[in-house]
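Over in Swiss-Prot, the protein carries these features:
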{"type": "ACT_SITE", "residues": "ASP130", "note": "active site"}
{"type": "BINDING", "residues": "MET75, CYS76, HIS77, MET115, GLU116", "note": "substrate binding site"}
Amino acid sequence: MNEFTHFNEQGRAKMVDISEKEASVRTAAAVSSVSMNREVHEKIKNREIGKGDVLAVAQVAGIMAAKQTSAIIPMCHPIALKGVDIAFCWEKKEQKSILHIQSNVKTKGSTGVEMEALTSASVCALTVYDMCKAADKGMVIGPTFLLEKTGGKNGDYKREKADVDMED
């Protein structure tokens with residue numbers, strides 16, 4: 001297991017120095033989901049939620065969140081993102097509908113974008129909840145997880161089983 005790098009010799013928090021790391025293309029994909037009742041799914045699909053187009057607003061919120069990750073996660077470096085793309089797909093299970101969210105983030109820099117992808121997917125889910133809570137307070141967010149990442153000295157990572165096919 002790698003040793004923790006966010007602590008100094010005194011055991012205090014520090015931001016890792018990445019000034020000597022080589023810039024390279026780095027990508028990350030993260031997934032989250034929101035489980036809701038079927039009526040809310042239909043309202044979202046038909047754009048009948050009073051606060052507006054839920055998926056459009058969630059998409060913009062997710063992009064904004066990726067760009068602001070370093071402002072809310074203490075040890076994240078500010079990163080010049082080169083792209084953020086968010087996709088949605090629906091799954092019907094028993095009496096529920098599940099909105100799956102995938103955020104794909106890309107940069108060319110000295111550190112990865114996993115936290116930006118995770119933050120983006122999470123904020124998309126939170127935005128859906130916020131916009132639909134009047135119609136269904138029983139919505140459930142999650143799971144949220146890193147699907148894959150490329151680039152960097154630690155190499156690529158791909159989750160073995162994703163349970164979600166975002167091609168739907």
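Glycine too: its Cβ is placed from the backbone N, Cα and C atoms.
Computed from a predicted structure; not experimentally measured.
Sequence features annotated in Swiss-Prot and their locations in the structure.
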| residue | record | Cβ neighbours (10 Å) |
| --- | --- | --- |
| MET75 | substrate binding site | 12 |
| CYS76 | substrate binding site | 18 |
| HIS77 | substrate binding site | 16 |
| MET115 | substrate binding site | 22 |
| GLU116 | substrate binding site | 27 |
| ASP130 | active site | 15 |
Across the listed substrate-binding residues, MET75, CYS76, HIS77, MET115, GLU116, what is the farthest Cα to Cα distance, given in whole Å?
12
Within 8 Å of the centroid of the Cβ atoms of MET75, CYS76, HIS77, MET115, GLU116, which other residues of that chain place their own Cβ, given that this set defines the recorded substrate site?
THR69, SER70, ILE73, ILE79, THR111
What is the separation, in Å, between the Cα atoms of MET75 (substrate binding site) and ASP130 (active site)?
27
